[in-house]
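Got a structure for you, questions after.
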Amino acid sequence: MSIARLHEQNLVCTACTPNREYVRVFDVTERTALHRHQTGRACHKCGAPLRDTIVHFGERGTLGQPLNWEAATQAASRADTILCLGSSLKVLKKYPRLWCMTRPPSRRPRLYIVNLQWTPKDDWAALKLHGKCDDVMRLLMDELGLEIPPYSRWQDPIFSLATPLRAGEEGSHSRKALCRSREEAPASDRDTPLSSAPILGGWFGRGCTKRTKRKKVT
């Protein structure tokens with residue numbers, strides 16, 4: 001599976017090689033807009049301006065990560081089915097390689113769309129469901145015999161992946177930050193202090209891990 005992340009609370013430093021990613025627990029697009037992506041904050045390593053990674057309607061994202069277009073298009077080329085959940089597809093329609101449009105219609109992946117509103121790909125879909133994604137996915141998981149695990153904000157990985165703001169940056173945004181509630185924590189964890197340091201970030205937190213290791217060495 002390949003994941004392309006277009007609408008996230010991510011910042012990226014394009015001056016670092018490889019690009020350095022920052023995950024935040026607040027809306028990072030407060031000061032940005034179409035074709036204007038600098039956030040007013042700086043990279044903790046090189047001091048270059050940080051930009052958000054969102055792809056607006058009318059834009060074509062070019063960042064290698066976290067957009068991950070190359071892997072996403074490779075996965076699409078091998079797929080026989082594409083399921084689109086809760087997306088207007090107004091951004092993704094600009095990437096014909098995702099839809100294998102160079103192939104004849106009979107050889108393209110079957111497209112299934114779940115969305116309450118019209119999308120520009122409705123006419124291409126094998127099936128379009130005008131419904132809520134949660135409702136459709138519950139029915140699908142029941143049919144497949146799969147259990148949907150309950151969501152726990154306490155265990156949400158964004159809190160361990162997020163990079164804290166540096167001193168002096170606290171006033172750089174006015175949006176409310178996400179926070180964990182101790183009432184949601186297992187009883188054994190309620191007395192454990194919350195760490196603000198990023199930890200291993202799984203499939204997209206390698207930069208956080210490297211930064212942590214360097215701190216330990218020094």
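Yeah, the Cβs are placed from backbone N, Cα and C, and that goes for glycine too.
Unlike curated entries, TrEMBL annotations are predicted automatically.
Heads up, here are the entries from TrEMBL:
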type: DOMAIN; residues: 1-147; note: domain 'Deacetylase sirtuin-type'
type: BINDING; residues: Cys13, Cys16, Cys43, Cys46; note: Zn(2+) binding site
type: REGION; residues: 172-198; note: region 'Disordered'
type: COMPBIAS; residues: 180-192; note: compositional bias 'Basic and acidic residues'
In this structure, which of the binding-site residues Cys13, Cys16, Cys43 has the fewest other Cβ atoms within 10 Å of its Cβ?
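Each of the binding-site residues Cys13, Cys16, Cys43 was scored by Cβ atoms within 10 Å; lowest is Cys16.
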Take the Cβ of Cys46 (Zn(2+) binding site) and count every other Cβ within 10 Å, whichever protein chain it belongs to.
11
Which numbers of helix, strand and coil residues does DSSP report for the domain 'Deacetylase sirtuin-type' (1-147)?
35 helix, 32 strand, 80 coil
